[in-house]
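Next up is a structure, given as structure tokens.
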């Protein structure tokens, strides 16, 4: 972490702090209420370290066009409850009301500004120069002394409130980013083998991309698949996964033929290192079937079967490092939760260094009471995968550049 300024690099007491967090959360489509608080709680340590500062929180929720693209007013209320401290909300990101509010703040006060993505400058600007000349940066930069970035789940984004201030004010890594980078770098640089990845859930494109990177780079020795990810690889192997399962992949993936072709290519090159389930539990019948037979068109592959659990658990038991992203099936329904429960429990019992990421993965771990038995439960989904895949991380690059510019 020597490349970044950390929170103990400066005396922040009495200072006005711009704190960029990621509290983007699922919203109940019926009631409009925030459904999870994990991302709020992840930032508590950083905020408490700023108890003697004036803290201005900047964040986003969803993106334009989505049903959950909402104001952050409710987010401020949720944060207030978690901190047991008033978090004032201002329905602007910049402007006269923000200026007046920040100028009247006392030490210990916390203010949350409006959803950054309500403003086109947040997502439309692509160059640092255009960001620095934006109303967002010009409107906010005169109000604060230091910029703290704690939004690990957004480190793969190059957006104005995330990277646009790096040459304007010292950019500092918050406690969450410090912890995330430390733990993930430990995993990345672990030289012990075997290393395995467990990839499940429904996000096929992400899992295929990470599979390709992990296998071609030699980062992992084996990949164990489950969920819709496994279904895609089975389809690529020429196995009849049934109409309902094919239709789900087609409906939820734009260029599904390209994805299946990519799966075929990976199987051709790394076939013995990509494991697919040998048996399944069907829904709604509840029948256990072999993966080699034809799956009835009216049935869903809802969970992995016992033979797969035994095979995967033996591999997990011998692993030295494990990355897991995505459940093995429809874990939310008790009848189809066994595969996820058994595989995640095997990881928890393992002596391997383990990292988990992705919203459904963390939700399943929490439901099973296993979160504290995983070495690191990351707040990042796409960000975690991108970082592990060796892609450029704009926020981390901004932190490095800012330290070079402002280091005395």
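Every residue gets a Cβ built from N, Cα and C, even glycine.
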Name the one residue among 48, 81, 157, 166 that Swiss-Prot lists for the same substrate site as 22, 23, 24, 39, 60, 61, 62, 63, 117.
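Of 48, 81, 157, 166, 157 joins 22, 23, 24, 39, 60, 61, 62, 63, 117 in the substrate site that Swiss-Prot records.
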Of 332, 334, 342, which one shares the ATP site with 358, 359, 360, 361 in Swiss-Prot?
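Same ATP site in Swiss-Prot: 332.
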Whole-number Å only: compute the distance from the Cα of residue 117 (substrate binding site) to the Cα of residue 332 (ATP binding site).
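Cα-Cα, rounded: 31 Å.
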So if I measure Cβ to Cβ from residue 361 (ATP binding site) and keep only same-chain residues at least 6 apart in sequence, which ones fall under 8 Å?
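In sequence order, 201, 324, 325, 326, 327 meet the Cβ cut-off.
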When you rank 332, 359, 360 by Cα distance to residue 60 (substrate binding site), which of the binding-site residues ends up on top as the closest?
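It is 359, whose Cα lies nearest.
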Which of the three DSSP states, helix, strand or coil, fits residue 60 (substrate binding site)?
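Residue 60 (substrate binding site) sits in coil per DSSP, no helix or strand.
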